[in-house]
Ligand SMILES: [Zn+2]
């Protein structure tokens, strides 16, 4: 069986400006292909009504005007994320003359299902096997002629990052001729019968002129609400359509979407067996074994524990112990601060003005000492470790490991991305929750980010505070993890409906390069200090003013009973008030109290836990308001604040009950 | 991180992108466009832009 679209037999290039669209999943080198096709004259713009950026470039292939559009990455024609919706909208509304489906040739099997979907949709597809250099390096050969015959579409090999195969690709675009396309996949009988029944119902609808009726029918079977909406607008017989779909669903155990995916995967597997040959030499290399071990639930957890241990010794013991001890106690404590106090104390006779610089909340004694004496060494060591982890490619593997844990507590797999990103910066991670499917999932992820995910700077300082004992850091980790799982579990019970599976491209593991790690650490530090120092200075001015007018005392006195009741010494009240400004600033306050010997043992642990859990920093809170609306943001904050102290209380009483004194 | 001045490789998902494209998510952020972090358009992971000091040194070493 075959379908014919676009009966004209003229080459596409004969018309005026050729429109070429690039599609493909992320990480297949799509932007390299785009840039090698267009050069550098590129316009970036928001796709109308969305936050998604679309790249467009105008160029000429052998004198023919060509417009190239780079669509956002997509994993399926059945759109879930905003990016995928934009990619599909471009294909449907802009009607490109040629669609280049760019794939990572070494992962052809995983990539082919989208090719099938594009062919089914009746789009003018050329399959671009990119990253051929890496594929060949792995000893993989692909018979492109056979693949082209089997698929019924042109196939081109490229290594766009090296500029290989680009001229041939341009020529293939110019030569593109619409042909009778094969139907790439035959589905289960139930599905094929349903498609046959749906075809007459969708055939003459305007939406169909952009997409083949078969593709429309298949998307309907996948519960694609957008397509259903389009057909409703066109006045199609929705009742009859829904009847067919519910009949299919009733007659099979799985969802139709699952059956379709399985058939496509099977077809892809068979195809790859036909066209791909692997030089049979070696067993999986060490790197591959290590990569798998990192994602395996058991070995992966052990590796994560080892990574945390290394972090603890380097950041907590060395950074926060050795380095801070020297900087804060010796450099600031014995030299800079006494000297400045002496000089400025004499220079500025009015005490209240002098206090602005050298008082309890002075710009120098509080702001600069915290920023440079405490935060700087801790975050420097932390950023070094973090850059190494980033550079090695461990983060995506951590995401895959965490995904299993998420499924276990019934959370959506897509929540993994923002949660792991939150370990870098919660503010941006909150914005990324947009990629989640439903409003409820977005709210739950936002809540978990605000509650239990410390950002990188805060994490560094927490490691620093708790470096006094391994037991303390393990308890802290255990409590925060438990809160995360418990709140996540309870919140996800409120969600009904399917759980999306999480899929992510895993870039190769590699040995971190020293130069890379150092320049990145430096860049991160420079950025951090630029952002943090003004903030710390401003905060100390605010605190000084609050102290001068007596407002701070009122606040501290209000907070004291709560804090003491939870088991934290009253002196820590200031640190918690500072924590409203920035979490890491508050943590630095706790650090200061710990080195002065005021905060120790159980009280230190409880304050670290409460500080981790309670209120996000101001930037994150503002983003929460912007993304979720002020009602939800206030509700989340309103839950978190008492809840953090409640957890602290429970922890304190449990420790007392068990007779544990850390 | 940076392969040259224009393209960056995301340390989270491995996506390669134009540094100029790394602002897709900035619209909603109160820190706005002045935070000097570059975001991956694929997954929104943030990396600091290469510091001016480092890129100056790099350029000096390239053109002796
Ligand atoms: Zn990325």
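Positions of Cβ are set from backbone N, Cα and C atoms, glycine also.
TrEMBL annotations:
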DOMAIN    A:17-179  domain 'FeoB-type G'
TRANSMEM  A:302-327  transmembrane segment
TRANSMEM  A:370-389  transmembrane segment
TRANSMEM  A:409-432  transmembrane segment
TRANSMEM  A:444-466  transmembrane segment
TRANSMEM  A:472-491  transmembrane segment
TRANSMEM  A:532-556  transmembrane segment
TRANSMEM  A:562-581  transmembrane segment
TRANSMEM  A:593-621  transmembrane segment
TRANSMEM  A:633-651  transmembrane segment
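The highest tally of CB pairs under 8 A with the transmembrane segment (A:472-491), across A:302-327, A:444-466, A:532-556, A:562-581, A:633-651, is held by A:444-466.
Of the two recorded stretches, the transmembrane segment (A:633-651) does not lie close to the transmembrane segment (A:370-389), with fewer than three CB pairs under 8 Å once pairs fewer than 6 apart in sequence are set aside.
The transmembrane segment (A:562-581) makes no contact with the transmembrane segment (A:444-466), as judged by fewer than three Cβ pairs under 8 Å among residues 6 or more apart in sequence. Under the criterion of 3 or more C-beta pairs below 8 Å, with sequence separation of 6 or more, the transmembrane segment (A:409-432) and the transmembrane segment (A:593-621) qualify as touching. Summed and averaged per residue, pLDDT over the domain 'FeoB-type G' (A:17-179) gives 85.
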